[in-house]
Structures are given as structure tokens and as C-alpha cells.
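S.K.: Have a look at this one.
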Amino acid sequence: MTENKGTPEVGWSFDTRYTDLPSMMFSNVEPEPVEAPKLVILNDSLAQSLGLDPVALQHQNSIAVLAGNEVPKGAAPLAQAYAGHQFGHFTMLGDGRAILLGEQITPNGERFDIQLKGSGRTPYSRQGDGRAALGPMLREYIISEAMHALGIPTTRSLAVVTTGESVFRETVLPGAILTRVAASHIRVGTFQFVANAGSEEELKALADYTLARHFPEVEADRENRYLALLQKVIKRQAELIAKWQLVGFIHGVMNTDNMTISGETIDYGPCAFMDVYDPETVFSSIDTRGRYAYGNQPRIGAWNLARFAEALLPLLADDQDEAIKLAEAEISNYAEQFEHHWLNGMRAKLGLFNEESEDLSLIKDLLEVMHKHKADFTNTFRALTFDEQEETGLHDKLEFTEWHERWQARLGRQEQTKDDSHNLMKMSNPAVIPRNHRVEEALEAAVEQEDYQVMERLLKVLANPFAHSPEQKAYAKLPAPCAIPYRTYCGT
């Protein structure tokens, strides 16, 4: 491993504040070099927003950085330690196949983690090889960028590099490394790790770092600033999970190590988007009991946040009973905050600007009709946007006809015009989502044929989900019956 000195001016501007934290929270480790790195996809617009030159990033020396073969100046590679409740069971974890290069400082002073996923073994790899297969890395690229375009807080994908090496899973697969960009990789599980294995001073150091990085508006001398940290994280997660529900996104593995403190969606292993509306929808092959089903996600969010509150207890009050009382009061606010964001989002999807007491029943009645008649979630709301009742597949159902009349009457009680409602719905109801069969089609072409054009076309369509353009229609079609039920795998 060598420090890279010959790369053209890419624009790397690394800082390494995470290394100021107690050493128990990370291990210094360099990426393992790969045989023949090749850049297969680069996110030009994200690169530019980070202050990086997309042309220079395609230079061979820059590709070596993205592959982990060279370390850029100022970087301090490390793997982060964390814990987590995985399907409800607590375990000590850590970055087993991901290495944080450092924090990129953008031209406007923002700070983003730059992480290489699939870059080799770390002290936390256990029995893993530290590597990643091409398919799951491309999948994360597609889904994370689609989520960003949908306006949902998420980690981002800067690039995918193939390694020229094979990884061995159920079959032999081409290896790859994803460059992931995040506001940070601090998780609920990070706090759980320190609370279980560290001292109160180490926990305080992590909390202070997190407040400074993500919530600088919380003053250092504020009374009980750690309670403010809990409040801020609850608020962000309530809003995030509401946004998931509004587009039919199913994370698939909502373990506490996959809940970020920043409020970004992270870890796209077994995730997928719901086609037919059903609250019990599960895609993950390992979620055999439906713990992380679509309809359970809000409740799991509350459960995870309760684990975060438990980790913070020593900082909330000297008296444990008082600390528990404070934590419980904040956790009890989560459900109301979630419903507020979800209800406002559903109103927007139906073109409603103001609030009425019957709105919740109007929304739930529509969802019940959709569930009963197996209507597509995304396409139903898109059809309502353009008043194309036949496109819903519900137009000949009496329950829907009666509901539609109620909805029209509700719209008529607003000051806003029908055009206003139509425009609000266009901005709130995507024409396209990353349909599972379309994602698989793109991955199959890339992995099996080294054809990235299918993926590039898909990414182009997904980049403007609210455009409602003619070319998006083909990507809005449902999967063939033979593609159902769809199953996802974590890719590890």
C-alpha cells in the first residue's frame, strides 16, 4: 500500500475527526489491494457536489484510490466498531468489509464520510472475506440514488469499481468495491457498542462528537444536551420512516446497526419497493417471521429508538429512575411525530392542502380498498394524480367509486383549485420507482454480460421520478407473474 502522490487534481480534502474519539471505537486498517481495478460507474453530479473532478476521478491513479490500492493524501483509513440488535438479538459487530478513508470537506464546508465497501478484511470481519460481489454493490448504487431523487435522506454512491477478482458465495461472482458517501456512519449501534463496552466518559465523548457534527445548534452549555440529542434523532427517524412508507420502500433489515444518527437511510442489502399494496409485504429471504414487513417499519423504528435511549441513560440523569423517566417520555412522542409526517405526506399524495378531522379515515379507507383488490401502490396514486380511474384497476369496484366521491367532495372544500391539487400530487406521487424486476434486469446485464447500458437507462429514468414523462411508462409496468414473489438477499 502506498500513499498516492501522482493523482491529477481530483479535489480530495480529507479531515479525520473520527480518529479523535477513544480508540475503542475504531481500528486503524488499510484496504487490501485488488488485482485489476476497473471503474464501471461514476456519479458525476455527486462528485462535483463533493468538490471532486469527475474527469480526474477516471484517471488510473484515482481508480486505484477507489479500489483501495492507494490511499489519498490526508486519509486515515479505519474500520468502525459498533454493536446491534439483529432481528431482536444483541451482538457486537463492526465494519467487517468496509473501510472509512476519512471525511471529505466540500468547497462549502460540509463534511461527508468516504467509505470503501468491499475493500478487504478488518478486525471485525469474523469469518468473512471482507469482499463484496458486483451485483449487490450495483444494487446499492441504483437504490440509493433513486432514494435521493425521491427526496428521501440517504447515503449516496459515488462509484463502483470491479476488482478483477472473484468472490465466493453460493456461486463464484465478480468482486467489486462501492464508494459510499454519508453524512456519517454513526449508528444507534455505535452508541450501543460504547454503552456496553466502554466507560461513561467514552460514551460522553461519542455523544459530544455527534452533537457537534450533526446538531451544532445544540449549544455546548445547554441544560441536558444529551436529552436534546435523543429528541433530535427521534425527530429525524420519525420523518425518515414516514417518507419510506409514502413510497412503499421496505428496508428489509432494520437492525439497530442500520439506523443512522444522521437520519439517512443506510444499508440497501435486502431492501425493495412494494408493488401491490399489502402491509405484510416482506422481500428479505431471512425475515421469515415478517419482523421488518412494510406495515411493521414504524413500530420497529420506535423499538430501535428505545434501544438508543437505553444507551444514553447514563448521560440523561445521575439517577437511573429519572433517566428512564426522561427517555420514556421522549420515546412516547415518536408515534405522534411519525403520524404527523405520514398523514401530511398522504394528504399531499391526495392533493389536500389543509387538515380535516376525517382525513385519516379517508386515507385508510383507500388503502383498505387497495389491499382488498391488490392494487399497485405507486400506480394507484399516479392514476389518481391524473384522474385516470381505469388505470387504478379499481374503477369497477363499488367501494372505490364511493371513496372517489368522498375524495372529490373533500377536494371541493379547499380554497385551492383542482390545478393546484394536481400540481401538488405530481410533486408527491412518483411516476416511477426502482421496480424490482427492472433492477434485476439491469444487474443481470451488468454482471453476466458486462453491459451497463441497461443500468444507465434505468438510472436516467429514476433520476427524475416526478417528471411524469412518456419514456417513464415502460418502467411503471408491473412484473410478470413469474417474477412474483420477489426475494432479496443481503449480499454478504
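Quick reminder: no glycine exception, Cβ is built from N, Cα and C everywhere.
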S.K.: Of the residues D15, D20, D267, D275, only one is listed by Swiss-Prot in the ATP site with G94, G96, R97, K117, D129, G130, R180, R187. Which is it?
M.R.: D267
S.K.: Reduce the DSSP letter at D267 (ATP binding site) to three states and note it down.
M.R.: coil
S.K.: Could you state the CA-to-CA distance between R97 (ATP binding site) and N258 (Mg(2+) binding site) to the nearest Å?
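M.R.: Each residue's Cα considered, R97 (ATP binding site) and N258 (Mg(2+) binding site) end up 15 Å apart.
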S.K.: Taking the Cβ of D267 (ATP binding site) as the centre, count every other Cβ atom within 10 Å, in any protein chain shown.
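M.R.: D267 (ATP binding site): 23 neighbouring Cβ atoms within 10 Å.
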S.K.: Quick check on the recorded positions: of D129, D257, whose CB has the lowest count of neighbouring CB atoms inside 10 Å?
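M.R.: Per-residue Cβ counts within 10 Å for the recorded positions D129, D257 bottom out at D129.
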S.K.: Between D267 (ATP binding site) and D257 (active site, proton acceptor), how far is it from one CA atom to the other, in Å?
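M.R.: So the Cα of D257 (active site, proton acceptor) lies 9 Å away from that of D267 (ATP binding site).
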